[in-house]
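Okay, so here's the structure we're looking at.
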Amino acid sequence: MSSGRIVQIIGAVIDVEFPRDSVPSIYNALEVQSAAGTTLEVQQQLGDGVVRTIAMGSTEGLKRGLEVTDSGAAISVPVGKATLGRIMDVLGNPIDEAGPIATEERWGIHRPAPSFAEQAGGNDLLETGIKVIDLVCPFTKGGKVGLFGGAGVGKTVNMMELIRNIAIEHSGYSVFAGVGERTREGNDFYHEMKDSNVLDKVALVYGQMNEPPGNRLRVALTGLTMAEKFRDEGNDVLLFVDNIYRYTLAGTEVSALLGRMPSAVGYQPTLAEEMGTLQERITSTKNGSITSIQAVYVPADDLTDPSPATTFAHLDATVVLSRDIASLGIYPAVDPLDSTSRQLDPNVIGQEHYDTARGVQYVLQRYKELKDIIAILGMDELSETDKQLVNRARKIQRFLSQPFFVAEVFTGASGKYVSLKDTIAGFKGILNGDYDHLPEQAFYMVGGIEEAIEKAKKL
């Protein structure tokens, strides 16, 4: 292995000089010969034997002149069943203090996406047990879903509930990549999995907020590589990424440090390419499927920001969380008019489901239009049909709320899993006027429609 010396350190970016006949390739992993043993990844070759690298760990204590050795290959991480139930960092090292990972097999984190011929599609629906999602933006097995929302509208709680419902109901493997999120949430999530007895089916990879940008930029690839291994063995895998925006943000930090000119809103000029490299690998092949659920932070609640806008293009279903709905106390704060799914098609989900979903959206849209009239003139000025529609819309709006299992400790209400059949029956009944006689508060924070009828008796 060739070795070189550090010649310049600027934050997380380190320039290393090698002999001209043994310059490391792009994406090679380099090891600094110091007590910390920091790993570097080659990003650019500057000429004269100098390479510009990005550090995967802290650069504290490094100095010019330290020896650096070239590993001769890209960063590789352990893959396979030995990773289940473990927490690892970006380099695949265990950070849960439970001993080394018992596998010899390691895969490089930079891999080509499956070719066109290898890819496979499908229309099998994935039931989540969350009414609003199953109704208006159904997920598909092997599809990609984005949870879009600003700060504090419930992306992580929704993600946790989806993990709980799908990982427990679905018997396959899951990989969770924590990209630039709070360590506290990572810790809560670990204990949540442990208490639900599904930890032995989940591999956890964390590169949290306190890590340098190089680490946060690569940790999503580490998680994805582990998921690809399970897929190639013929499994149906769930890949959860929280948060994909921090992946973009880490790319922005790295890009600026590497001296690239920023593009729109200060993002890196390679934004679309970086996102494409990651997203094109998250796909299903003829061997197995990867169903991916990604949380997407929306800066300043602006969905046209380049980062969320670039993510939209890659998704099959988008779940948009709205601050206005959260402020009404309706959780999950999913906006049924903004959220979309490619599966919302009568040929895929069936005519009854399609008509019910579109009926719900029509009623809520009409209510939105009538709100201005109600605010100025009051309810009395509306026609009888509009009054009836407004009453049904308010019931639908409340019935879209649901108590979550993962939020039991905060709300004190026990969580509810609602099957798709019950969800469709409930909303269809409200649209048909079967429950016009029930008060609207009976529909708030309940599971199925039977529970709403029971609640109405007590009011």
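Note: Cβ is positioned from N, Cα and C throughout, glycine not excepted.
Among the features that Swiss-Prot reports, ATP binding site is placed at GLY149, GLY150, ALA151, GLY152, VAL153, GLY154, LYS155, THR156.
Minimal Cβ crowding within 10 Å, among the binding-site residues ALA151, VAL153, is found at ALA151. In the three-state DSSP classification, ALA151 (ATP binding site) falls within coil. Within the group of binding-site residues (GLY149, GLY154), the Cβ with the highest number of other Cβ atoms inside 10 Å belongs to GLY149. Note on the binding-site residues GLY150, GLY152: the fewest other CB atoms within 10 A surround the CB of GLY152. Less than 8 angstroms from the CB of LYS155 (ATP binding site) sit LEU147, PHE148, GLY149, ASP242, ASN243, ALA295, VAL296, TYR297, LEU321, each of them six or more residues away in the same chain. The Cβ of THR156 (ATP binding site) lies under 8 Å from the Cβ of GLU181, GLU185, ASP242, ALA295, each of these being in the same chain and 6 or more residues away along the sequence.
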